[in-house]
Amino acid sequence: MLKYLNQAEAIKVDQILFNEYKFSVDQLMELAGLSCAHAVAKCFPSPCQGNDDKAGKLRVLVCCGPGNNGGDGLVCARHLALMGYEPTIYYPKPTAKPLYENLHHQCELMEISTISQCPSVEEAAHSYHLIVDALFGFSFKPPVRSDFLSVMELMQQTKIPIASIDIPSGWDVEKGKLNDCELEPKLLISLTAPKLCAKHFKGQYHYLGGRFVPPALQRQYELNLPNYPGTELCVKLS
């Protein structure tokens, strides 16, 4: 049976990947973000995949937080652009570290716009077809900081479908949706292994991404991950 990780286990698995298997943060972030882009493309295909017809592209608002989840979002945005989408980044609190600065710089050179103000519910409905939620990961602890209140309000009130990376933002990593959080993504992309909160996910699509977990680590934690089909970077869980 597929294992769902609690917060301590998720942190420990990450530490083992970094310290024992010598993966770098940017290496795992690239693989994770790429798998997220593939999951998005499966669930929300753009009519203009593979061509430059900007007018017909699926417009995606990628909301990035200050940590690794936000970095995954920046990578995801870059790959979505290469796949025929038109991503726009909302990055309210950029991280002043070379890794994140470089990821954002790459997006800028690929002509991916970054907006400085969170759009209203009405503005978002007019401008975007999809929102990628890359705000908070499994290290999140409430309350939500003031920098992210407006985007959290947008994601809870919008009718636009939302794709959440690893953890729906504002959810408890183990207990799921908290009383003051109404965020209900249509797509959840669990990374490495699903977290306990994913058991409370009621959306339409649940995918697993991050095809990089060594077999010995899978056995050590009895993860029982599903087999990825062929050369796929993500696998559907439900």
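If you go along the chain as it appears here, the first residue is 1 and each next one adds 1.
Glycine is no exception: its Cβ is also placed from the backbone N, Cα and C atoms.
The K(+) site recorded in Swiss-Prot comprises N69, D133 together with one of S24, S169, S190, namely S169. Annotation: F138 carries the greatest number of neighbouring Cβ atoms among the binding-site residues F138, F140 [cut-off 10 Å, Cβ to Cβ]. Mean pLDDT, taken over the domain 'YjeF N-terminal' (10-225), works out to 95 on the 0 to 100 scale. Closest to D133 (K(+) binding site) by Cα-Cα distance, out of the binding-site residues N68, G70, F140, is G70. Cβ environment of N68 ((6S)-NADPHX binding site): V25, M29, G137 lie under 8 Å away, each six or more residues apart in the same chain.
When the Cα positions of N68, N69, G70, G71, D72, G137, F138, S139, F140, K141, P142, P143, D166 are compared pair by pair, the longest gap among these (6S)-NADPHX-binding residues is 22 Å.
According to DSSP, F140 ((6S)-NADPHX binding site) is assigned to coil rather than to any helix or strand.
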